[in-house]
């Protein structure tokens, strides 16, 4: 019997995929993707597409946040608040980022009724927005807040917090409006990041000192990719605490405030094997 | 006021910016900005009015006032009237004819470059069909060099993009190896760091520098961090090949990105002082993309494609090695679907090339856009025909850090094969020498694992089997 030549060439370095989620060593049919890999990609894309349109379960999130607030009475003295941007639904949200950056009129009134305007400012407002992955918020926001609230409680300096705020159909910059209305010196927005094929569940953090109208991205610091397979809640909180302390000390955020937290460079793998 | 009469009906456009915006093929970002033509007919009438406009108009009427914007000042102050002379008598419509004609040879196109402003390029692109954008771009040759030469005829290079969500060294090294073994990385090995931090940038620069030196790869590395971080990295004696920055077409956009032209000049001088190039001294890597000015609320009522072309004036000033329009990354708010992304990719490539830039394209889409792999296959093929200098290369099209899809190592080999393209010559020789490819032209990978990498892989710990 003559031996048939195989159409697919496997890649012997595929076992490196034990150390990364990247789609390495896929092999090739000629120079093209083998059928199995091509279809695996199509499936992942289909799932990510579905995830963008999955709504945030705000009832569940608000219940979780209420419980969290109850357990941290020294830091959080008011119940969490649920607000809405001017984007009334997901399709509007996707096409009109300007509306996702602004609070709806009833939400503005609800915030103003909280009565923080005019008082002496609070140190920090924490705003949770669904962004582009409700899944990222649903899976990671509460876990991250638990880590952060512990770090805030045990910090050398006291932190006075505004009530936790959830915004539906919200973009990053909506934190400026919320923080301003809450008379907060600093706002941190927790937001669902644009879902990737391998990471539909990623949460991002955006810190802004002196939130208010007219700020741009140059005024923000970002910590990205908080999820079980990415940056852990504990490490994300540690980095955010570094930025929060620095922002309070220097009264600034964004480009002038560089993240100099000595990264605990904990590589999961075996270092740069290419140099051996 | 710009007027146009058609079949007894009179149309009016209050400003040059309005005329330009309304002449632009439809896209969601211009709709978001409220500058789009109200009807399909109004768009074509605006194109007709624009076609009648003398090119000289753009030297006399600034879309964004001279005293308010340093990029307007850059465009007008650096305009070369001698280079402009051969086309100075043309209208926008005549300019299209001239570009398509055999008068516009590659040599002629190179000689008029410095006389063409971004607004002229944007204007003519608005009255060009996709095939026009491809044909003229294919005649524009732009060649740059650092350790490899990019943009030679018949060549197409790739940026190897080994991003990892936690900047994990092993994960990054694994993607670099995968890319090199698929013949990717002759334009640059460029990492987007997960966290914008000087220490992290230095660490990643060292990683890439060590790999490039050990395997003597004729390419350059880049960490795509903020320009001020790279400046600090240079001060810390980190091995910086290229300085990266995202740039926009208005001063206010760039201020929102946290830099101005002086910052770029300082960074370029610092990188040049390191003298690390082997075959050239182009040390800047810029990224752009339609919609960034609107996103920063810094567009001054100018349409997003014209803002994008103005960003190329910024790039041109600093003689970059690579300019990459990241066309589908910004999302459906600015480019809604595959059709709009395709059009924008071809416009950006054309305008950049016409202005003399080493244009590449990140042919990409996000999961919230109405686009898929088929749209990317189409744009990749079109840009290959148009002579695009470089594209991205990433394992299996999936950027696990930035959460979007771009062209894969396989895609680059596809376009090289169907269009008979080769990698940069220095890199092509390296691929052959290292026994990574067996045909000498960077088209046929070797079947097994090349000798030089066997030892590294043989020493991997056991027990981490394949999935």
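Note that Cβ sites are derived from N, Cα and C of the backbone, with glycine treated the same way.
Annotated substrate binding in TrEMBL involves B:159, B:160, B:161, B:287, B:362 plus, out of the candidates B:130, B:192, B:197, B:254, the residue B:192. In sequence order, B:401 are the binding-site residues among B:161, B:192, B:193, B:401 whose C-beta falls under 8 Å from a C-beta of chain A. In the three-state DSSP reading, residue B:161 (substrate binding site) counts as coil. With respect to their backbone Cα atoms, residue B:362 (substrate binding site) and residue B:193 (adenosylcob(III)alamin binding site) stand 17 Å from each other. Comparing CA positions across the binding-site residues B:193, B:245, B:295, the one lying closest to residue B:161 (substrate binding site) turns out to be B:193. Residue B:287 (substrate binding site) carries a strand DSSP state (E or B). A sphere of 10 angstroms centred on the C-beta of residue B:193 (adenosylcob(III)alamin binding site) encloses 19 other C-beta atoms. With respect to Cβ neighbours within 10 Å, the binding-site residues B:287, B:362 differ, and B:287 shows the lowest count.
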